[in-house]
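K.L.:
Annotations for this protein, taken from Swiss-Prot, read as follows:
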DOMAIN    22-169  domain 'CENP-V/GFA'
BINDING   C29, C31, C97, C100  Zn(2+) 1 binding site
BINDING   C50, C52, C55  Zn(2+) 2 binding site
Amino acid sequence: MTSVSIHPSVDGGVARGGAEGFQGGTLECHCASDKVTVEVSAQTAHNHACGCSKCWKPDGAKFSVVAVVPRDNVEVTAHQEKLKIVDESATIQRHACTGCGVHLYGRIENKDHAFYGLDFVHTELSKQQGWSAPGFAAFVSSIIETGTPPEQMDEVRARLTELGLPPYDCLSPALMDALSAHVARKKGLLH
């Protein structure tokens, strides 16, 4: 067992599967009062550890843990006025609390994007149990961009594999296939 810390929610092991019939919960920012709350009224999918430099990570974590849910199942229920988009030029518009910096959800506004209609959420911000479990790690090499020395990458990949999170330097094969199929449909090559 390696000593590399990936993320507090997976470092002790990854609980497999989500609770049968689970229908979501409430995400809360980290502010002591006047918390931003977001209701997610569905189970998440494609939960994964993400090493990209844009995703919100708790202090000391090399990766975020993020999943997707249909955007119609995401609703800000308190203190929407505290939310601000982190980077307006990014594909995923990450809505962060201006008080504590936590990203509550990310939304793709480009209707031509393959993942349009899906919002990105960090289920660790919820007290409810039963969310889908992480199943892979994406954008692993990107942690170098946030300060991880390249010589540690073999150990990081070994730890991800040990946790049952296959490491990819892009998305999982199923998600990459979905992106490519979307492009092929737009070109008229698939229907």
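Every residue gets a Cβ built from N, Cα and C, even glycine.
Keep in mind the model is a prediction, meaning the values are calculated, not measured.
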K.L.:
Looking only at C-alpha atoms, tell me how far C52 (Zn(2+) 2 binding site) is from C97 (Zn(2+) 1 binding site), rounded to the nearest Å.
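P.N.:
Their Cα atoms are separated by 20 Å.
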K.L.:
Can you tell me how far the Cα of C50 (Zn(2+) 2 binding site) sits from the Cα of C100 (Zn(2+) 1 binding site), in Å?
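P.N.:
A Cα-Cα distance of 21 Å.
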K.L.:
Among the binding-site residues listed here, C29, C31, C50, C55, which has the most company in the form of other Cβ atoms within 10 Å of its Cβ?
P.N.:
C50
K.L.:
At the Cα level, what's the spacing in Å between C31 (Zn(2+) 1 binding site) and C55 (Zn(2+) 2 binding site), rounded?
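P.N.:
About 19 Å separate the Cα atoms of these two residues.
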K.L.:
Given the binding-site residues C52, C97, C100, which one has the fewest other C-beta atoms within 10 angstroms of its C-beta?
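P.N.:
Ranked by other Cβ atoms within 10 Å, the binding-site residues C52, C97, C100 bottom out at C100.
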K.L.:
Same chain, not part of C29, C31, C97, C100: whose C-beta falls within 8 angstroms of the C-beta centre of the Zn(2+) 1 site? Give them in sequence order.
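P.N.:
Neighbours within 8 Å of the Cβ centroid, excluding C29, C31, C97, C100: E28, H30, K35, V36, K82, T98, G99, G101, V102.
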K.L.:
Provide, as an integer number of angstrom, the distance between the C-alpha atoms of C97 (Zn(2+) 1 binding site) and C55 (Zn(2+) 2 binding site).
P.N.:
14
K.L.:
Relative to the mean position of the Cβ atoms of C50, C52, C55, the recorded Zn(2+) 2 site, which additional same-chain residues have Cβ within 8 Å?
P.N.:
G51, S53, K54, K57, F63, S64, V66, A138, F139, S142
K.L.:
Rounded to the nearest angstrom, how far is the Cα of C55 (Zn(2+) 2 binding site) from the Cα of C29 (Zn(2+) 1 binding site)?
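P.N.:
C29 (Zn(2+) 1 binding site) and C55 (Zn(2+) 2 binding site) have their Cα atoms 15 Å apart.
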K.L.:
Over the span of the domain 'CENP-V/GFA' (22-169), count residues by DSSP class, listing helix, strand and coil in order.
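P.N.:
Across the domain 'CENP-V/GFA' (22-169), DSSP assigns the residues as follows: 29 helix, 49 strand, 70 coil.
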